[in-house]
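**Student:** Here's the feature list from TrEMBL:
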type     : residues                             : note
BINDING  : F79, A80, V81, Y84, D169, V170, D171 : UDP-N-acetyl-alpha-D-galactosamine binding site
BINDING  : D169, D171                           : Mn(2+) binding site
ACT_SITE : E261                                 : active site, nucleophile
Amino acid sequence: MTPIIISTTQSSLICISVNIEIIISTTQSGLILFCFFSRTDVAAVTPWLAPIVWEGTFDPDLVDTIYKSMNITIATTVFAVGKYVRFLRDFLETAEKHFLVDFNVRYYVFTDRPDDVPSVNLSQGRHLSVIQVPGSNRWQEISARRMEIIQTAIERQISREADYIFCLDVDSKFHARWGAESLGRLVAVIHPWFYQATRDHFTYERRPASTAYIPMDEGDYYYAGAVFGGLLEEVYTLTKVCRNQLEEDARNSIEAAWQEESHLNRYLLYNKTSKLLSPEYQWDDKKTKTKEVKVIRFSSVVKNYAEIRPNV
């Protein structure tokens, strides 16, 4: 069947046929073609026509080849504060096996325990920078300061060293291929505990006094704060806006329900993603795998919060 054009924007042209979506995007580097195959058991496109990336909806070799020709570098930030530094070795070692393999990757480890950062063998084109940050007696404060710290790091260092960036949680590990299909202008992941839920069950910040407030009748998805990324300038804007909102809330003695995750959800409600990652890219090891999830690429590991957090 001849593809039917269903959407055009300033930056992309989207065509859909019976079983394939073709997205042609223009970037500073030129024209890029992406093919996303349909799956009938899951939603493979958002209401604003951004692809939702599931196993079976893309050609991994094709997508990787396109991006490798661009000679890009992907920054990857991770926070290993306090006892969370114990998760760093597994995170890095599994990333070297599965995360954007054969791409240029720069890891930025934010920690208050630089001496505890493990020595991990990195492949060619992969680098690790350790950036010391203060600890805290409250995990909520550590969480709330992530946006500020990432924004500052982009300004001072990362902007000179990378094209794309992913911000990931350290208490997680990689299990399977995570490739260039994940790259886009602005990217987030559907939270594994809410991808089958309706928005009235989303744990958005519901107090109007908070800058993270989302009314009950609004919202598209519930996004996990453990994974977000995109072009460096897009993520810089995201972190700057969320930081300003977090600081405004703090001045008003308000702490959003889920700290930076609440502000991330507010930001993405009004600044739509160009690509959305399925829960394959942020599973939870406490959750039983469902039939829709053909492969788990990255997951949050089971842990005892009472033991690793300074307060519970």
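The backbone N, Cα and C atoms fix where each Cβ goes, and this holds for glycine too.
Could you tell me the structural context for the features on the list?
**Tutor:** Around V170 (UDP-N-acetyl-alpha-D-galactosamine binding site), the same-chain residues at least 6 positions away in sequence with a Cβ under 8 Å from its Cβ are V78, F79, A80, Y84, V85, F87, L88, F91.
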**Student:** Measuring Cα to Cα, how far is V81 (UDP-N-acetyl-alpha-D-galactosamine binding site) from E261 (active site, nucleophile) in Å?
**Tutor:** 18
**Student:** Where the record says F79, A80, V81, Y84, D169, V170, D171 bind UDP-N-acetyl-alpha-D-galactosamine, what is the longest distance in Å from one Cα to another among those residues?
**Tutor:** 11
**Student:** Can you list, in sequence order, the residues of the same chain other than F79, A80, V81, Y84, D169, V170, D171 whose CB lies within 8 Å of the CB centroid of the UDP-N-acetyl-alpha-D-galactosamine site?
**Tutor:** V78, V85, F87, L88
**Student:** Using all protein chains shown, find which of the binding-site residues F79, Y84 scores highest when you count other CB atoms within 10 A of its CB.
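**Tutor:** Highest number of other Cβ atoms within 10 Å: F79.
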**Student:** Please determine which of the binding-site residues listed here (A80, V81) has the lowest count of neighbouring CB atoms within 10 Å.
**Tutor:** V81
**Student:** For each of D169, D171, E261, count the other CB atoms within 10 A of its CB; which of these recorded positions has the top count?
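**Tutor:** When each Cβ's neighbours within 10 Å are tallied, E261 tops the list.
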